[in-house]
Amino acid sequence: MKTNKTLTDILQVSFSNIVKFGTGFIISFVLPYMLSVDNYGYYREYILYLNYIFILGLGFSDGAYIKYGGKDLQKLDRKTIHNDHNFASIMQIIMFIIMLSISIALNNPILVFLSVASLFVNLKNYYDSIYNATGNFSLTAKSNIFSSIIYIITLLLAVFVLKSESFHFYIILNIASYLYSVLILRYNFRRTFGFANGLDLKSAANTIRIGIFILIANMSITLMGNAGAQIINIYFPIESFAQFAFQNNVLNVILLVVHAVSSVFYNRIAQRSDSNANMFIKSIALLSGIYASLSFFIFAFIIKSILPKFVQSIDFLALTFLSIPFIILIKILIQNLYKTSKSEYQYFRDSILGVALSFALALLAYALTGKIHYVAFSTPVSYILWYIYSIKVSFPELKSNKKELTVIVSYLFVFFVSAYLVKNLLLGMSLYILYLILLTYTYRAEIKSLLSKIKN
């Protein structure tokens with residue numbers, strides 16, 4: 001029954017993310033087509049720093065995620081949930097006012113946009129944390145579907161009817177999409193719990209104390225992926241940053257689904273975790289990443305055909321796509337295991353170690369070569385090294401066997417050759433498809449066993 005529930009949750013979330021995937025896919029290719037390279041670079045600069053405004057939530061949502069993980073939504077204490085909700089709302093309004101005042105004083109329009117976005121993004125994050133932690137994925141799925149549909153309709157109108165070439169306008173549409181989600185989630189919250197006055201500052205402080213380490217650790221994983229982008233944004237022209245940011249945008253389309261599925265597995269791991277179940281999840285994550293990497297060739301064909309001005313980004317995309325299996329393993333399994341079986345401090349410490357490693361490698365790549373390609377290559381190297389550290393030091397029960405190591409090494413070699421070294425996309429895709437066929441045949445017994453467990 002639990003397995004069926006998990007599969008149902010994944011299907012609900014997956015449907016939501018098909019819509020989000022479609023939205024992200026359209027945005028990934030429509031905006032670069034409409035905007036000049038430098039204007040797209042400024043838009044992506046806003047998106048880059050949007051990843052960090054969660055810090056203004058002080059970890060309260062992350063603490064709530066841990067606090068309510070694996071519990072029944074209907075059985076939550078009403079007074080506690082009201083106090084938490086009131087604190088989250090008041091805190092975010094205060095943070096919004098402070099950041100907006102600073103942004104206006106600095107006369108920085110990007111910071112002004114980020115100030116407004118911080119209010120809605122962090123409120124959405126709070127609602128998502130409650131619903132996802134308690135297994136109510138249909139609520140967040142519905143809000144994501146509705147907001148994504150409205151967002152893409154307004155964006156397409158702006159592109160094809162208004163023909164706007166202002167990156168400011170598209171930033172406003174992005175912020176509005178978060179507002180739509182907050183309104184839907186707030187309405188659902190009111191239907192379930194109602195609203196009531198009350199604050200418990202002591203309880204809120206304890207939630208922040210737990211959550212701040214989780215927040216920084218989660219942001220550290222984001223920073224690991226963005227280390228290269230940060231270095232390029234600082235040391236290279238905006239046009240070069242736009243090329244690199246474009247491939248990062250395409251990569252994030254794939255990771256939308258990964259993030260959602262990760263929430264499903266957290267709820268299950270919070271309720272019950274054992275080594276067999278974790279190894280099962282690990283196998284699914286690894287194979288999913290290897291098969292998902294085939295999408296690189298599809299994206300590359302689209303870029304060459306529709307967006308030739310961003311053709312330089314294809315090589316960057318090939319290098320960062322090497323990270324896909326390891327990002328999926330980290331987000332679906334490693335992060336969730338840290339949250340459920342390790343102390344907040346250990347998760348914080350190990351994540352900071354990962355960030356330090358990724359920035360050190362990116363800076364070293366820039367200092368030694370001064371070339372973007374080497375900075376881009378530092379991203380998969382960082383993820384691989386941090387993954388190795390995690391299974392060697394923190395979770396030795398997840399140690400890879402010879403078969404798994406063979407799969408990982410063969411993937412890295414074959415994908416690097418077919419996607420990066422072979423410049424003919426059709427030939428490269430053919431080589432990679434041949435590899436997937438051989439992989440499927442060689443490990444057909446293991447794959448059949450995994451599929452059987454999923455069905456049952």
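Glycine is treated like the rest: Cβ placed from N, Cα and C.
The annotation transmembrane segment is assigned in TrEMBL to 12-34 (among others).
Using a Cβ-Cβ cut-off under 8 Å and counting only residues 6 or more beyond its ends in the same chain, the transmembrane segment (46-66) has close neighbours at 84, 87-88, 91-92, 95, 99, 110, 113-114, 117-118, 121-122, 125-126, 128-130, 132-133, 167, 171, 174, 204, 206-216, 218-219, 222, 226, 229-230, 233, 245, 249, 266, 339. Marked as transmembrane segment by TrEMBL: 46-66 (among others).
Marked as transmembrane segment by TrEMBL: 87-104 (among others).
Within the same chain, residues 42, 45-46, 49-50, 53-54, 56-57, 60-61, 64, 85, 88-89, 92-93, 95-96, 99-100, 102-104, 140, 168, 171-172, 174-175, 178-179, 181-182, 185-186, 188-189 sit at least 6 positions outside the transmembrane segment (110-127) and bring their C-beta atoms closer than 8 Å to a C-beta of that stretch. Annotated transmembrane segment per TrEMBL: 110-127 (among others), in sequence order.
Residues or ranges marked as transmembrane segment by TrEMBL: 167-189 (among others).
Using a Cβ-Cβ cut-off under 8 Å and counting only residues 6 or more beyond its ends in the same chain, the transmembrane segment (210-238) has close neighbours at 38, 41-42, 45, 48, 51-52, 54-55, 57-67, 244-245, 248, 320, 323, 327, 330-331, 335, 338-339, 344-345, 347-348, 350-352, 354-355, 357-359, 361-363, 366, 372, 375-376, 378-379, 382-383, 386. What TrEMBL records for 210-238 (among others) is transmembrane segment.
If you look up TrEMBL, you'll see 250-267 (among others) marked as transmembrane segment.
Annotated transmembrane segment per TrEMBL: 279-302 (among others), in sequence order.
According to TrEMBL, the feature transmembrane segment maps to 314-334 (among others).
Here TrEMBL flags 346-368 (among others) as transmembrane segment.
What TrEMBL lists as transmembrane segment is 405-422 (among others).
The transmembrane segment annotation in TrEMBL covers 428-445 (among others). Panel annotation: around the transmembrane segment (428-445), residues 290-291, 293-294, 297, 403, 407, 410-411, 414-415, 417-419, 422 of the same chain, lying at least six beyond its termini, place a Cβ under 8 Å from a Cβ of the stretch.
If you look at the transmembrane segment (405-422), the same-chain residues 6 or more away from its ends with a CB under 8 A from one of its CBs are 286, 290, 293, 296-297, 300, 315, 318-319, 321-322, 325, 428-429, 431-432, 435, 439, 443. Long-range Cβ contacts of the transmembrane segment (167-189) within its own chain (Cβ-Cβ under 8 Å, at least 6 residues beyond either end) map to 31, 35, 39-40, 42-43, 46-47, 50, 85, 109, 113, 116-117, 120-121, 123-124, 127-128, 130-131, 139-140, 142-144, 146-148, 150-151, 154-155, 158.
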